[in-house]
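Now, the feature entries from TrEMBL:
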COILED    18-49  coiled coil
DOMAIN    411-470  domain 'PDXDC1/PDXD2 second'
DOMAIN    476-579  domain 'PDXDC1-like third'
COILED    585-612  coiled coil
REGION    649-673  region 'Disordered'
REGION    691-748  region 'Disordered'
COMPBIAS  700-711  compositional bias 'Basic and acidic residues'
COMPBIAS  712-723  compositional bias 'Polar residues'
Amino acid sequence: QMIKGEIGYELSMVDPTLAEMGKNLNEAMKMLEDNQRKIEEENEKKYARNDIPGPLQGSGQDMVSILQLVQNLMHGEEEDESSQSYRLQNVGEQGHMALLGHSLAAYISVLNRERLRNLTTRILSDTTLWLCRLFRYENGSAYYHEDDREGLLKVCRLVIHSCYEDYTVEGFNVLYNKQPVIYISSAARTGLGQTLCSQLGLPLSCMCRVPCNTMFGSQHQMDVALLDRLIKDDINSGKLPLLLVANAGTPGAGHTDKIGRLKELCEQYNIWLHVEGVNLATLALGYVSSSVLAATKCDSMTLTLGSWLGLPAVPAVTLYRHEDPSLSLAAGLTSSQPVEKLRALPLWLSLQYLGHDGIVERIKRASQLVRSSSSSNDVLTFAFLSVGRGILLRIFLPSYLNKFILQTESEQLAQLVPASGVDVVELEDEGTCVRFSPLMTSAVLGTEVQDVDQLVDCLKMKIPILTCTLQLREEFEQEVKRTVGLSYIEDLSWPGLGVVRYNSDRKNDDKQEKEAEKINTGLLKKLNELESDLTFSLGPEFGGEKNCVYIGMVTEDLDVSELVETIAATGREIEENSRLLENMTEVVRKGIQEAQVQLQKANEERLLEEGLLRQIPVVGSVLNWFSPFQASPKGRTFNLTAGSLESTEPTYVSKVQGTGTTPPPTPTPNRIKQRLPGQKLFKRYLRSSDGFSETSSVSHTDDLEKMEQRSHSVSTVQEQGTVETEKAEQQNEIAQVTNDKTEDLQNR
């Protein structure tokens, strides 16, 4: 381009004609270059890849669209603003500091190597020192990791390197002659032993589960005497006891092992002691129980600060003591990469923001939420709990009902009190229980004392209802099985009284299911229209039985026999009405066909009486004018009561349409007992209830009997009136069908 410009400039100074030629040459070359560029762009579009995902196509998206997508994925498009603000406000300012740490770590990682190394060393050393001082673990080192099991895994590698000198060179061959053994409690978290063996490449025979106490002491603490015997047996069989995992707060119930005695046993047999659990958080408090304080003498411990302090996305920390840095590096507990050390940055920022007082206050508040309920550990576990001031009440349920009912109740409690953080756990001795662990949830959910009070109030309200429901389930089952037409459906996942189905007597298999669905749907509608405190539904949205009526929870004053009788009688009534309508429709259809035949016969008789001449259009009119023909009208009427065709001659004679004979009322079971004003259905008065005292129960019962006798005649008239009203409604419905059929016949 420069050459062309210089040539054009020089030519312009020499000859105008040559300058014009140079100008034309430049324009021609520009056109050729533009055409070449267009051809290249078209070729790129022609051979563009079609497998690029939609969000990546084109020149990218703007920041606002990307953040809007993230917001929709986080909260959902249909979620209201109140729930979004609730979730965001739980993060808090200390949470913002932790989130800021992740962004700063990405920014700091692009610094030059020397400055990055100095900064990461400072952050790592500060955070390690602070944590060791806060949790009374002197002269310790720290390993920061995302998975809370990763710290224990690295410690196991460190112990293997320490106990097997040739492990670095010979690898797993040195483990063959002297198999290592790792001891864990039977109350440890599920799958911990399998995970360690899998990640370390060890057989499951290297993992020894130590039972908890069965004769003396707590049933949730590791049996120290039995552990001693197991260690001796392993040593005698040529194995090498390697590591013991103790609990300062078991995952299920929060119990602490006898760490002091376990430490003595480990020192005797040269075994590494690792401690983990939620109760380690109390080491930061001024007063610490002796059982937890003994954990400060262990060889390593894992801290999960994120849940304890309500810090999002902060790593777990494993504190350990070891004098050989080379073995720590070989085990992966330390790293020479500066970027790896930036994992501590979110904690470094958050700990400075909270300060010592803020950290202690959060842990103390969580501990007080449990201790106000008179529990000796920092995880309050209950099957059903009614908490007074210092009272813990446990109600045991049948084992086959525990899991499903408590799972449902836990979900309901979580919805009623979202800040409680209750969940369901499986304990070896107690079975399925609902757990309230504020040390693990209160800092994240913002649990306050009023939330605990609300949780207790909900439990006080639900305990009697749940207990009565479970007590009446068997009576309800037996009553349903004794009742003709009803089937009891066993659904252990349903927390209510039970599940019942009305069975149709129809034998046709093709229509039986459809008939059952129709009847049970109508039965559910009728039951919900009754004035009762019970809830009737179709059951859970997924996994429930079809064509059934699910009955919810009940109170102790439920009259089970009346309830079952009402369900059976209502189902029979719906079935009879349905069949009556079907039968009457068939009768009406046959009656219309018979009426058509009789009307056709009457027309033929009328033709014979009038004669052939009267059927001729013109002649018939003249003949009728001279000699009118008087014929009595012969119509037909359909008697709905008798189900037969009748002549209309009596109607024309008396000028009044007859109503026919009224059928006798169909006998209906007296399923509704006499009730006092305001009394709901299916209720029976209890002598032990608040409304009855021991001195007034007899006189009150006499008053009830007199009232029943006084109102017996009135109730009889009312019941007869109700039956006649129902029959009248049925006749009106059938009459409407008949009128429709008659109009169709007339049109035809």
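Here the Cβ of each residue, glycine as well, is placed from N, Cα and C on the backbone.
A quick note: this is a predicted structure, and the numbers were derived from the prediction, not measured.
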As a quick check of your reading of DSSP, tell me how many residues in the domain 'PDXDC1-like third' (476-579) are helical, how many are strand and how many are coil.
48 helix, 15 strand, 41 coil
Which residue counts does DSSP give the domain 'PDXDC1/PDXD2 second' (411-470) for helix, strand and coil?
39 helix, 11 strand, 10 coil
Over the coiled coil (585-612), work out the mean pLDDT and round it to an integer.
73
